[in-house]
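Feature list (source: TrEMBL):
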- 60-297: domain 'Grh/CP2 DB' (DOMAIN)
- 233-332: region 'Disordered' (REGION)
- 238-262: compositional bias 'Basic and acidic residues' (COMPBIAS)
- 283-332: compositional bias 'Polar residues' (COMPBIAS)
Amino acid sequence: MAWVLKMDEVIESGLVHDFDASLSGIGQELGAGAYSMSDVLALPIFKQEDSSLPLDDETKHPPFQYVMCAATSPAVKLHDETLTYLNQGQSYEIRMLDNRKMGDVPEITGKLVKSIIRVVFHDRRLQYTEHQQLEGWKWNRPGDRLLDLDIPMSVGIIDTKTNPSQLNAVEFLWDPAKRTSAFIQVHCISTEFTPRKHGGEKGVPFRIQVDTFKQNENGEYTDHLHSASCQIKVFKPKGADRKQKTDREKMEKRTAHEKEKYQPSYDTTVLTECSPWPDTPTAYVNSSPSTAPTFTAPQQSACSVPDSNSSSPNHQGDGVSQASSEQLQPSATIQETQQWLLKNRFSSYTRLFSNFLGADLLKLTKEDLVQICGAADGIRLYNSLKSRSVRPRLTLYVCREQPAPQGQQQAAGGGGDSGGATPYVYHAIYLEEMVASEVARKLALVFNIPFHQINQVYRQGPTGIHILVSDQMVQNFQDESCFLFSTVKAENGGGVHIILK
């Protein structure tokens with residue numbers, strides 16, 4: 001029995017020893033010296049996956065960088081675009097930096113590039129009406145430019161150009177391999193383009209944009225290379241410094257938690273990449289006689305009166321008929337739309353509507369046109385598109401009296417017919433001026449009477465007396481009055497008198 005117990009102890013101690021040995025083996029297999037992470041990452045599967053990831057050196061970067069030496073505002077939230085305040089007329093440096101790496105854009109190595117600097121509107125609404133806004137500024141500031149280059153202070157720029165028709169742009173050539181700085185002056189202020197209603201309005205923001213081009217095969221600088229821009233506001237002299245100080249003081253009063261939501265102020269402004277500024281082509285108007293636009297007025301018939309002031313409904317000179325013949329048709333092409341604008345004295349808007357078909361222009365509402373063209377031209381363009389003619393001040397209906405039996409004349413005087421007699425046809429004349437000479441002129445046009453042969457116009461009064469038609473009498477005519485008229489030769493035989501009945 002004792003022998004059996006001893007054997008059990010020997011077996012148990014052996015099992016414990018074997019278990020301890022197995023544990024020690026596990027510890028050695030999992031020890032830090034068993035393998036290294038670099039060995040694992042060196043396996044082919046990890047190498048293949050790592051090689052598919054883009055390297056930092058391969059990331060695309062712009063060939064140029066433009067830095068304006070003006071501090072950004074501290075009152076801009078983190079994810080918003082930076083805002084820089086400038087003083088009107090002060091020179092600010094824009095550094096033109098070559099940002100290319102070895103082998104980038106080799107075709108411009110040792111060659112010049114052209115850059116165009118513009119000051120443009122930031123708001124999309126004002127971009128649509130840029131031409132009209134700048135024309136209005138030019139009218140108020142004759143001889144001034146919105147943007148100028150300070151050539152004496154600039155470095156490395158050559159062949160500078162300013163186009164008199166583009167007051168907001170300057171261009172120059174420069175060598176990317178050399179130090180280049182362009183000093184610009186902005187002469188417009190942000191509040192000049194704000195509608196003045198009650199005072200104290202915020203000025204509209206502008207953008208400074210730089211577009212750079214290289215030469216094409218013809219030696220012209222038209223191949224786009226790079227564009228960048230930044231948002232600015234322009235104040236009267238010293239105003240930008242005061243605004244910067246005000247923003248800084250406001251930020252100092254904020255709590256640390258609130259300050260985390262805003263960007264810090266930087267000493268310089270880096271222009272961020274953007275799309276190139278679109279150069280709207282000049283509107284092309286074909287003067288070829290073979291092209292017949294849909295709004296061309298039809299030729300006058302033999303019975304029409306050769307004067308546009310004629311107001312008879314039975315003549316092509318009628319105001320309504322003339323307006324309808326010149327109406328812009330929805331099917332009008334871009335070229336025909338441009339011709340219609342020129343024909344109706346909207347030449348200053350041909351560039352703005354250079355890509356509009358007739359249907360596009362007709363779809364614009366009155367509010368759209370007022371916003372785009374301003375109140376005066378917007379309403380005028382809307383009325384022209386809708387063929388709204390000027391309402392006459394006075395309308396008269398007149399009929400030429402024909403020789404007839406006494407009974408028929410009495411019937412005609414009552415405004416009716418007499419049996420099978422020919423009815424009296426009245427013509428409408430529209431007076432834009434309430435004067436007697438206007439009555440004589442319109443009667444001459446409608447009834448083909450030589451105007452210089454009309455001596456006097458009379459109105460038949462009580463008991464058949466003849467009353468001279470004066471300006472005061474015309475002003476007291478009732479609208480839509482009806483008259484029969486006849487002509488009698490003057491006593492001296494030189495001309496005729498017209499008698500209204």
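Indices start at 1 and increase along the chain as displayed.
Heads up, the Cβ atoms here are built off N, Cα and C, so glycines get one too.
Values in this document were obtained by computation on a predicted structure and should not be read as measured data.
Among residues of the same chain six or more beyond the compositional bias 'Basic and acidic residues' (238-262), those with a C-beta under 8 A of the stretch's C-beta atoms are 71, 73-78, 85-88, 90. Averaged over the domain 'Grh/CP2 DB' (60-297), the predicted model reaches a pLDDT of 83. Broken down by DSSP into helix, strand and coil, the compositional bias 'Basic and acidic residues' (238-262) contains 18 helix, 1 strand, 6 coil.
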